[in-house]
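As structure tokens, the structure follows; a few thoughts come after it.
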There are 2 protein chains.
Amino acid sequence: MNQQQYDELHGYRRQDGENWVKRKVKNFGLVFTRNGCKKAVKRRLPILDWSSRYHKSQLSADIFAGVTTGIYNVPQAMSYSTLAGLPPVHGLYASFFSPIFYAIFGSSPTSSIGVFSITCLMVNNCIEKMQHGDNAIRFPGLTSIEIITSLCLLTGLFQTIMSVFRFNKAMLLLPESSVSAITFSACFFGIVNQIPKIFGFSVPHRNEFMFSLFHSMYDIAVHIPKLNEWTTLLSAGSLIYLIVSQMLFEPLFKKICKKFPFPRDLILMTLAITISYFLNLDAKYGVQTLRTVPRGFPHFGIPRIDLWIVIWYDAASIAIVAYSVTIAMGRMYASELKYRLDTNQELLALGITNFGSSFFPVFPTSCSLSRTVVNKDSGARSQLSGIVSALIILGVIEFFGVFLEPLPKCVLATIVVFVVRSLLKKCSELPYFWRCSINDFWIWIVTAIVTLCTDIAPGVFVGMAFALLTLAIPFLQPTTKRLGQIGEHDFKAKTHYQSAKETPFPIIRFDAPLIFCNAEKFTDMINDEISEKRENAANGSLEGWTAIILDCHTWTYTDSMGMDAVKEANDCLHRFNAILLFANLKSSVRRQYRAAGLIEERPIDEEDLEKEEKRIEQEESRIQEEKKTLSSVSMKMNRNKNKCAEANVESGGHDDEDISHIEIKISQDQKQLAEDEKKLVQDKKTLVQVRNELKMKQKKLKEFNKLSPEDQEKKRNEEVKKISYNQIYPSIQDALHAAPELITKQQELFDIKKSK
Amino acid sequence: MNQQQYDELHGYRRQDGENWVKRKVKNFGLVFTRNGCKKAVKRRLPILDWSSRYHKSQLSADIFAGVTTGIYNVPQAMSYSTLAGLPPVHGLYASFFSPIFYAIFGSSPTSSIGVFSITCLMVNNCIEKMQHGDNAIRFPGLTSIEIITSLCLLTGLFQTIMSVFRFNKAMLLLPESSVSAITFSACFFGIVNQIPKIFGFSVPHRNEFMFSLFHSMYDIAVHIPKLNEWTTLLSAGSLIYLIVSQMLFEPLFKKICKKFPFPRDLILMTLAITISYFLNLDAKYGVQTLRTVPRGFPHFGIPRIDLWIVIWYDAASIAIVAYSVTIAMGRMYASELKYRLDTNQELLALGITNFGSSFFPVFPTSCSLSRTVVNKDSGARSQLSGIVSALIILGVIEFFGVFLEPLPKCVLATIVVFVVRSLLKKCSELPYFWRCSINDFWIWIVTAIVTLCTDIAPGVFVGMAFALLTLAIPFLQPTTKRLGQIGEHDFKAKTHYQSAKETPFPIIRFDAPLIFCNAEKFTDMINDEISEKRENAANGSLEGWTAIILDCHTWTYTDSMGMDAVKEANDCLHRFNAILLFANLKSSVRRQYRAAGLIEERPIDEEDLEKEEKRIEQEESRIQEEKKTLSSVSMKMNRNKNKCAEANVESGGHDDEDISHIEIKISQDQKQLAEDEKKLVQDKKTLVQVRNELKMKQKKLKEFNKLSPEDQEKKRNEEVKKISYNQIYPSIQDALHAAPELITKQQELFDIKKSK
């Protein structure tokens, strides 16, 4: 049974998916219906959704979680802000605006948006890039606030555009191993950045694209003798406190109070402020403190957009990193808290958050792991907790700013280094990757090396590009296996299964879709396969037809170069007396072959056509008749119904049931009829198609007859070169069964030709 | 029968391929053996190969072809050189040096290396870029010869390095549709470049990255009133001649002389020179001519390498385009002339050609379609024809240079436009692509747009990147199909086959390897699958176990995110009372799962181990004994042999045959024994492995027993979460058979748990 017969027997049909454009238009049209509009608004403004379902009992939990997260957030926001190379107050601003926007547009109830180490580092790199070198000349007198607001606006814009064009799909190309490597390398940047602050000295800035990290390390090593002893002492004290509290206080505290995290950093900061204030560290000992912290609500301002031409690259990479981290966090609790993360909406929420907050002195924000964990563990159940935590931050900005002024910068730097250091553990994933997924291993290594040698933004792009490249490897280097038979229906690689038996004809599996990047390999394989025959041919002794079976079940699609390769292979094998048989060829590939004229045309039988036409006519008349009878019956019934209704009023009614039975019957019949009609329309279409094909064929035949005998011969040869329907089989077994007969036929034809 | 049982029954074994590094070292080691060295030298210096097999009878054909190609080459070299923005003599130099180098290192006998339209255009773009704008300030007083030699050296270096590191594989990523689009767009650049020359005016240079083509067109439109009437007239005359000769003279000439092509351009140039000389067009009518053509052999010079930092981009793209065109040409006649194209050697040959010729005033070269066709059609059978054609060019350079001086530039420009115009036909491939391969269509469109809007070099890179991206699409958007049963062993998509019957358990096929970029989609699919169960669970009525079968035959490999997704799916389904069954899971994926600890550990039976140990011991002793007997027999025989030999001398000998029989027998036995020994070593290794596994297990068990009951419970739960061997089946049918029993078991377990 060849493929065509198989398809006919089992009723093969191709349901053409709706046109992409049509589908999109239709989906878009739905928005304007009432229900669709409601749904769309609810999707795009999740606040309407969760606030309408909000239950009073959640309130206390949300407020508690919000307060906890808010308090936890204060030191984090300030220290990460210094990581971004900015005064700590900007971190507070960022932690105020972002959660408010996110609560309106975000779909995850636990994600806490705000400062995040990696994005802060990227912001820092961007600021340094802009304030030094060529850019400093191009944009003289640029303040860091101008840079971050411009960056924030562009990041938000990128994310919004990406969301509108559904580019969240493209973000899937950034694998977790890449993110892990970026995180790992970013730590080095973070730590190296903070070391001068910890020891209280400063290093000159270098504006280099390559190896800036190593140069900074060198600079630090050179400048370390200039350290400030008091700053170093204070940092050391902070570090000891942090280590002790992590090892001792935190476990103790956890036993006492499970929900509220130990306010480690807050205590350290309070202590440091007290010491600094009373000993007057800044003035007396040269320990740098924050000195001035602006009070009150930040000023509204319009970001500069002329910087975009230089910072688009940074904005794009921040947009990608922020998104991928936010999605990872959002998904973490999705199954536990039973919500479904809408990745597109998350992207939009991030975009609007960054877009909106860019009108205040705020840098791009993202979700952060530690805060999200705190938020969830302290009981957050809805986005309200984010709003509460924002209000806490607002309180700090409004009222406590002045108290923060004596805080030594080195304490914040120590906190950053202490927190960031734990991310270095990411490299412990490497042995796991090496063991189970070599691709992930190399993606990690390449991303890490690029990030360490250049910067985070190139790391993101190279990570994506390299991951994309690993996708190409199975296409570029497909394995080819010779199959043997196990049992009746099973064909497995001979190298893998000892009991796989030799088949009368070689069966070859080419383990990738045949496309441009492996067409050459396929051709080589076919050439190897017939190299013996080729040699015999060179000696003039080309005898005996044989067959080669290709198992094509991995060929999910093909392209023009793939089709050329198949054509060439079919041709070449034919020249050396071998028939190429295709088994398990997917229907989509067959359609492509047919469109390219690679498969011989379907033979059309005129008698069959006429029969089909008659059948359709009969069917049509049947349907018409039935329709008539049905309509008459239903009309009658309606009349009866009315009568009955009247009668019922009089007699108290018992015929209702009978009537409804009949009604159901009629509606069923009508449905059946409608389906039959649909099918008929389909059949008619097919008939018209086949008729057209026939006409085309007849036209071609006429043209063919007009040609000179030479050209006729040429055309005939071309036809012969096409893949015949007898070369395509639904399974290897069918191909094996059919091969001997095919060979005999070919042999006969060949002998006849030869004898001529 | 589950997968494990199947594997045991059919003798599954995994032949670990040799380590990549080991294989490479081994291959490299081969070079130092005598045969390997000979082979390597012959591969790397194809001239040794073809000259040693050279037959006198080929000589006349090669000389004729060489002369023909040489004559054909003269006008082409000169006109393409103007296309590159250089005096025509550089084209002649390029056509002299390149074929000489290629004849030594190239592996294709018909390919003609020299000037090529696309690379010439790219060279032109590079020169313009270097002589204007920022670069003109950076490198003041740069001559075009300095640029082209530096470019040529770097291109050669790139190609050589790519050849050494086998990067010819990566070049497979440039599909033909991309090359076609680049060719098409390059034509526009070529034509627009030549128009001012044709009309005899000049336009100011613009140094823009984007839309330079459109700006040039605008400039031409503005400046066209300044045209020189005589130049225009001459160009028009040339064009008419070219059209007439193509339509009339060439077919006529072909009937008379089949092998030699009609010297259309040569005649035109001769005519133009004569007219120009006698009418003194340059001085009297302002028609620009070549004026001075340097005579004699070009001077040797060392290229500048300080330009590389700016031109590496152009060099890389020229290297890629030149290679892909050369390969396409080389392959065109490979099957007809029965040679095998060594793509790596071709790349090396191109590299050395460019590297070598860069010490003369020559620009990067490539194979050209038209010349290769002329070369082959006029009978070239070996690389000698290239050398002959180079000598013809040398003659022109040496002796005829002075005659070329009155040649008007506009004639060369007209020839270029006339030839290049035919490449515009490339866009006629588009409907074909649209019909049979939508990927190719989009690759074409994107590459063409990028090339037209920027330049050829970015077009090459974007073309490659986009082709790479199309590879990712099937991974990003895999189709998922529900399968139905046809017959006994056949499972097909229900949407495609009407007779595919519903199975008792849903069978789902996920049509791509489960990796990072579709892990999310897989999770979503699983969630959709159990959404009903999920709802029931929310209502508290989670009853009745069921199974879901995954057809994994498209899962050729996986990665960490894919494994996480499988783990999660297995877990999640288990929670909602569904068993996930894997059918057709490839052995490589199973190995990855096992390495990641996703599959439960293999149960090891100590008794079996002991049995195996005994068997190995017995086998070992048997082999030892047999070895002894064999060696004693062979020793005896040797003694006998000597005796016989002595005896033979005396008696004339007849025992020889017997002895040789015995010898053969012994050697066979020895072989068998060696094989047995090999197997034994393998078995021993396996035993040691299994023993280690057992030890590890016992260790784990001990640790487990030490744990607190709580932790034990946790660990036990983790074990339960792993995929059991009973969840993996070699075929869908096996899974279908096994499912009911599994479900009953789970149900019982579940009921027991519940009742507790």
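Glycine is treated like the rest: Cβ placed from N, Cα and C.
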TrEMBL annotation of transmembrane segment - which of the ranges B:347-367, B:431-451, B:578-598 it falls on: B:347-367
Confidence summary for the domain 'STAS' (B:507-600), mean pLDDT rounded: 86
In contact by Cβ distance (the transmembrane segment (B:387-420), the transmembrane segment (B:265-287); 3 or more pairs under 8 Å): yes
Touch test for the transmembrane segment (B:177-195) and the transmembrane segment (B:387-420), at least 3 Cβ pairs under 8 Å: yes
Distant-in-sequence neighbours of the coiled coil (B:602-636), which means Cβ under 8 A and at least six residues beyond its ends: 4, 666, 669-670, 673, 676-677, 680, 683-684, 687, 690-691, 693-694, 697, 725
Criterion met for the transmembrane segment (B:230-253) and the transmembrane segment (B:387-420) (at least three Cβ pairs under 8 Å): yes
Counts of helix, strand and coil residues, the domain 'STAS' (B:507-600), according to DSSP: 44 helix, 17 strand, 33 coil
Folded-back contacts onto the transmembrane segment (B:307-326), same chain, C-beta under 8 angstroms, at least six residues removed: 111, 113, 116, 118-119, 122-123, 125-126, 129-130, 135, 138-139, 142, 146-147, 150-151, 154-155, 157-159, 162, 168, 171, 174, 179, 182, 346-347, 350, 354, 364-369, 456-458, 460-461, 464
Beyond the flanks of the transmembrane segment (B:347-367) by 6 or more, those residues with Cβ under 8 Å of it: 44, 46, 84, 86, 90, 93-94, 97-98, 101-102, 104-107, 111-116, 118-120, 123, 145, 148-153, 155-164, 167-168, 171, 298-303, 315, 318-319, 321-323, 325-326, 329-330
